[in-house]
Amino acid sequence: MKWGSQLATYTPMIQQYLEIKKGVPDAFLFFRLGDFYEMFFDDAIQAARELEITLTGREGGGTEKIPMCGVPYHAADNYIARLIEKGYKVAICEQVEDPAHAKGVVRREVVRTITPGTVMEEKTLNGKGNNFIGAVVEQAGNYGIACSDLSTGELYVTSFPGAIASLLDEVNVYNPAELVGDQHVLTQLQEGSSWGRNVPLTSWEECGEELLEQQFSQDQLDQLSGARRRAVKVLLCYLEDTQKRSLKHLTILNIYEPKQFMVLDYYTRRNLELTETVRDRSKKGSLLWLLDRTQTAMGTRLLRRWIDKPLLSLKEIQERQDAVEALYKNMILRDDMRRELQPIYDLERLVGRISYGNANAKDLHALKLSLRRVPTLAELCSQSGAPVLERLVSKLDNCEDLADYIDTVLVDDPPLSLREGGLIRAGYDSYLDQLREASANGKRWLADLEHREREATGIKNLKIGFNKVFGYYLEVSKANIGSLPEGRYERKQTLANAERYVTTELKEKERLILEAEEKMVDLEYSRFLELRDYLMDHLTRLQKVAAVVAELDVYQSLAQVSAEQRYVKPRIAEGYDLHIEEGRHPVVEAMMDDVPFIANRTALNTEEQSILLITGPNMAGKSTYMRQVALIVIMAQIGCFVPAQSATIPLTDRIFTRIGAADDLIGGQSTFMVEMKDIQIMTEQATASSLVIIDELGRGTSTAEGMAIAQAVIEYVHGSIGCKALVSTHFHELAHLSESLSSLANARMAVEESGEQVTFLRKLVPGAADTSYGIYCAQLAGLPDMIIKRAYHLLDSELQNKPAAAGAVMPQLPARPEASASAVQAGEQAEEEFDLPFDLGETDDQAARGVMKPQVMQAAYEALHNRSASSAPAATLVKEQEQEIVQESLPEESATPGEVVQLSIFEEAAPAPAVKTKHQLHEEQVIKQLKTADLFNMTPMQAMNLLNDLKQKLK
Ligand SMILES: Nc1ncnc2c1ncn2[C@@H]1O[C@H](COP(=O)(O)OP(=O)(O)OP(=O)(O)O)[C@@H](O)[C@H]1O
């Protein structure tokens with residue numbers, strides 16, 4: 001709606017509103033009017049909808065009423081929080097002059113714009129995690145990124161030469177709530193496949209150098225150049241414009257080189273569930289959840305950062321390991337440290353609030369209590385015997401003077417409100433003490449007066465009270481009014497059962513008491529502000545304490561988990577070889593209650609193999625195994641101990657994973673396309689020091705093409721990249737690659753089959769598997785019997801129709817597992833029941849051992865079909881067996897159960913369109929899925945089931 005066109009006719013206040021709104025076009029303007037923040041025009045319409053508040057109208061001088069809605073100022077935080085959570089910005093516009101002195105409309109200004117990346121309010125920050133805002137720019141072929149958490153004062157800066165994918169990976173590390181910067185960079189990021197976030201993106205220009213000089217020391221600025229400098233400038237400029245205050249806690253620049261850390265792209269973080277689970281994005285079930293035994297909020301955030309950014313420096317990793325080891329071995333020291341850390345408040349956020357000027361007396365009291373713990377912590381470290389811990393605290397300024405100062409000024413349990421007194425300790429300010437005395441005396445005088453008046457009047461229930469409207473009064477119940485002396489009492493208020501009076505003497509004393517109290521409150525407030533301002537000049541000192549506390553907390557957390565879970569210290573090496581003896585998946589193990597986790601060995605080296613091609617049934621534990629290797633490498637490189645009997649971990653520059661579908665996050669791209677794009681990035685960026693993990697490579701397309709791609713990719717990883725890789729596949733035919741690729745070895749997940757039962761042993765053994773047990777797994781998952789039987793039936797048909805051998809990359813039929821004695825029995829029973837024209841157990845050697853060959857099954861079906869040529873259901877079955885129906889999309893809503901749907905047939909083998917019921921179509925769809933999961937086997941018992949099924953149909 002175009003409201004501005006009537007500008008000239010609007011009232012001065014609305015004109016003022018519109019003028020101010022021009023400066024914050026992308027934010028809701030909360031316009032202060034008395035006790036309310038009002039919104040007008042389109043803001044009002046949208047806010048009423050988003051906040052579910054009443055939309056009203058107001059005359060404003062135009063031809064129509066102006067849409068308006070408002071929220072009470074004392075409850076505004078809740079409404080602001082709701083808008084911020086939805087990704088909006090809110091500009092707070094206050095009256096900036098006293099209405100009593102204003103000529104015309106009271107002057108108003110935007111005092112702060114709250115945005116998703118700049119919230120400071122606890123309610124919206126919601127817990128201990130970071131809330132980052134990022135600035136991204138491009139300069140001279142480099143991308144620069146600066147990310148800050150205003151609530152904690154952290155500021156990180158780095159840059160990348162010319163690859164937007166690297167910038168996107170970095171942005172994803174911070175998971176920012178808001179991004180600003182160069183428009184073209186924002187657009188490029190948004191187009192990236194792993195973008196998938198809905199946060200405000202604001203194109204923003206840098207401003208002058210003054211801001212930089214105001215915030216950072218010259219030493220720091222000397223290290224800040226090019227795209228990094230510009231990114232910091234853009235960020236500061238945006239923060240200044242929106243926050244409109246100096247940011248005294250944003251003075252430490254953490255500049256880092258990307259090559260200091262292992263690269264983990266978005267999908268790898270997600271697939272490995274480093275900080276949240278794939279399923280419901282919760283922390284529980286992630287690596288962070290497992291390793292987080294931190295006691296402080298700073299520790300929790302730092303641990304997350306360490307997990308997000310595993311180290312690449314041997315020295316730094318070993319230093320962390322040494323600290324963890326010292327605490328791992330000394331349980332008493334660890335417990336003492338945990339006890340001292342536990343009561344420490346979130347120092348970083350307290351510092352943020354002091355800087356913002358919204359820390360209250362409780363916050364400063366919490367700061368004091370926290371600082372009181374630091375000397376003991378430092379003492380524990382210096383006596384630990386661990387050089388790393390000793391070094392950490394050797395030059396620590398534990399800010400005892402600040403704690404003492406707070407202690408001198410503030411009472412022990414100060415109130416929340418700053419404007420009601422009761423904050424300042426007695427003895428700190430003599431004038432305040434005098435006022436307090438005067439106030440206390442006055443109250444004593446009041447108590448005496450009450451006593452005296454009761455005596456004088458004989459009214460026992462006469463009492464002195466106070467309210468804000470009438471001040472102090474004498475209250476007498478109506479029944480006793482007659483006992484009051486004439487003239488001395490002046491009536492002020494009549495209640496249902498009582499009258500309230502004042503006397504000249506009472507009014508005089510009241511003036512003195514109230515004056516003293518008002519002065520006291522003002523004086524206490526200004527003393528409090530002095531204290532807060534003093535602390536504001538010491539924020540960097542406090543931030544350094546916070547950093548040490550956070551680091552200690554992470555060390556004890558890693559040590560605690562490592563000790564509880566029986567982890568071992570890995571040997572970190574600069575070479576190539578990776579060796580894990582008896583490795584375990586840390587999270588799966590921790591979540592398993594009754595069954596033990598089966599440990600497995602991993603050896604990827606130049607001597608034996610650098611690539612393992614893992615085959616084996618569904619559900620056997622392939623993904624778990626591959627993820628466990630990646631997690632062990634990450635844990636090792638953050639300095640943690642690892643779930644294994646022993647481990648040698650080479651410094652790994654990047655872990656690349658391609659596991660499962662991620663298409664929920666990617667608009668407009670197919671799963672297969674995403675997989676291929678990821679593989680492309682891997683081929684471009686993986687080095688010989690990388691670890692590549694690919695689960696079910698090439699599964700998203702036709703079997704032959706998928707297998708061809710898988711082989712080509714494996715050959716490329718083997719020949720051109722030379723990195724360590726774990727690849728799982730259901731294309732068992734790829735096993736032959738071990739003959740042509742010298743560094744590739746086959747491994748499989750062992751299973752034990754007995755009759756109908758398949759037991760997953762979870763043990764990785766050498767050699768290739770020959771079956772996937774897909775239908776068996778589907779059965780375990782509880783798919784209807786009818787589908788399972790039908791799937792086995794179709795599978796068998798497929799087995800018979802496959803060409804014998806179609807070249808190196810064409811699928812071949814896997815051998816069938818050996819059948820047990822019960823299976824032989826089943827075969828015999830089938831022969832008897834169906835009166836089959838052949839002997840199920842005697843077709844060849846295999847049959848003699850009870851294995852039902854495809855030819856045998858085929859013959860069995862034919863015999864049955866011939867016997868029942870006139871039977872309609874059987875005829876349909878045969879027809880279905882002969883025709884391969886490729887169904888692209890099922891007209892879900894158009895067909896009711898039993899209704900007939902016409903489908904086109906794509907396979908050449910199918911001569912004419914088939915007519916199927918919706919039920920059949922559903923069934924086929926599921927079967928098709930099972931088939932693409934590679935269902936290439938059948939046990940005799942299952943064959944028996946199939947025959948029974950046919951028997952039913954013939955009836
Ligand atoms: N080593 C192990 N010890 C104990 N249980 C395990 C082990 N490995 C896996 N499991 C259990 O088996 C389940 C299936 O494992 P996983 O998903 O790794 O199998 P998979 O072979 O990758 O299956 P699919 O091919 O169907 O994806 C896991 O959820 C886990 O509970």
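A Cβ is built for glycine as well, from the same backbone N, Cα and C atoms used for every other residue.
Of all Cβ atoms in the protein chains displayed, 26 besides its own lie within 10 Å of the Cβ of Ala620 (ATP binding site). For the recorded site, Ala620 (ATP binding site), the DSSP three-state label reads coil. If you look up TrEMBL, you'll see Gly616, Pro617, Asn618, Met619, Ala620, Gly621, Lys622, Ser623 marked as ATP binding site.
Here TrEMBL flags 690-706 as domain 'DNA mismatch repair proteins mutS family'. Long-range Cβ contacts of the domain 'DNA mismatch repair proteins mutS family' (690-706) within its own chain (Cβ-Cβ under 8 Å, at least 6 residues beyond either end) map to 578, 622-623, 626-627, 629-630, 633, 652-660, 670-672, 675, 679, 682, 713-714, 717, 721, 723-731, 809-811, 932, 934.
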Top of the binding-site residues Gly616, Pro617, Gly621 by count of other CB atoms within 10 A is Gly616
With the cut-off set at 10 Å between Cβ atoms, which of these binding-site residues ends up with the most neighbours? Options: Asn618, Met619, Lys622, Ser623. Lys622
Among Pro617, Asn618, Ala620, Ser623, which binding-site residues lie by ligand 1, judged by Cβ under 6 Å to any atom? Asn618, Ala620, Ser623
Summarise the domain 'DNA mismatch repair proteins mutS family' (690-706) as counts of helix, strand and coil residues per DSSP. 4 helix, 5 strand, 8 coil
